[in-house]
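Listed features, source TrEMBL:
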type	residues	note
REPEAT	1-30	repeat 'WD'
REPEAT	74-108	repeat 'WD'
REPEAT	122-156	repeat 'WD'
REPEAT	205-246	repeat 'WD'
REPEAT	247-288	repeat 'WD'
Amino acid sequence: MPGSSIILATASYDHTIKFWDPPSGSCYRSIDCGEFHINRLEITSDKHYIAAAGNPQTKLFEVNSTNNNPVTSFDGHKGNVSSVGFQKEGKWMYTSSEDGTVKIWDLKAPGCQRDYECSAPVNCVVLHPNQAELISGDQNGSIRVWDLISNTCSRELVPDGEVGITSLSISSDGSMVVASNTKGKCFVWRLGEDDTSRFDPLHKIDAHNAPILRCLFSPDTKLLATTSADHTVKIWNTKKFNVVQTLQGHQRWVWDCAFSNDSAYLVTGSSDQLAKLWDLHQGDSVKTYSGHVKAVNAVALNDLPR
């Protein structure tokens, strides 16, 4: 399927990255990463590269290639790299790590360009759609806004004491940010239009009775997905923040998820060694991707039109 317009990839504790043909469920490429443990996957918007955040490097692989060796390895973190993402044009990459830092990397230059020190292991970092702020969440319960223009921390929030932040998501229009934690709660804020470091509390959700592992706004901003250690995925509307669907089918922890560009489908990865594709109109799993021999802890989907 090289050259296809839909790129679906999964990573697993079995140290492989697999690429799937979404309609048939067949795996057409598998990258053996040796002893490299992968935590997150992210595909560039142009679909040329996929980043695998691991311990302690982030490795960049070509998507449409038979070369299974990384084209670049970004070294500089001293601990597990917990998340990774790209600037919208793919000029630079950002990462967070359990070493307590958030870093920015130029894809065409060696070394780390910027380094932001947090006071605790960082579990997640996301980029504001304005491309000028990063928001990080750490294991001590703090959320920080990093202003990339002034190169400073412009805001710090602690929504639930020292309860660790597990995931963050910003809506595509930049109007909302959501944070999840290890107690199964989500906190949603409205972001200021002029002062984007202003967080106005919008909603608190007691979403799951177990840790939330991933929270994610849909591209159209109408839905919020939460994946949990309780084996379920919940879909919430973003008007009233009530549950519209509970996706059941995984047998163990659900680690990660990714929406399709039209917000109609969701891909999930679980400790049951499976990834699933869900039709959110029906609330059913319409395809299962089987081939990993350990937990599927990271998924990535890019079905943007070329």
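Just so you know, glycine gets a Cβ as well, placed from its N, Cα and C.
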For the repeat 'WD' (1-30), which stretch among 74-108, 122-156, 247-288 has the most Cβ pairs under 8 A?
247-288
Give the residue counts of the repeat 'WD' (247-288) per reduced DSSP state, in the order helix, strand, coil.
0 helix, 24 strand, 18 coil
Helix, strand and coil counts within the repeat 'WD' (74-108) (DSSP):
0 helix, 19 strand, 16 coil
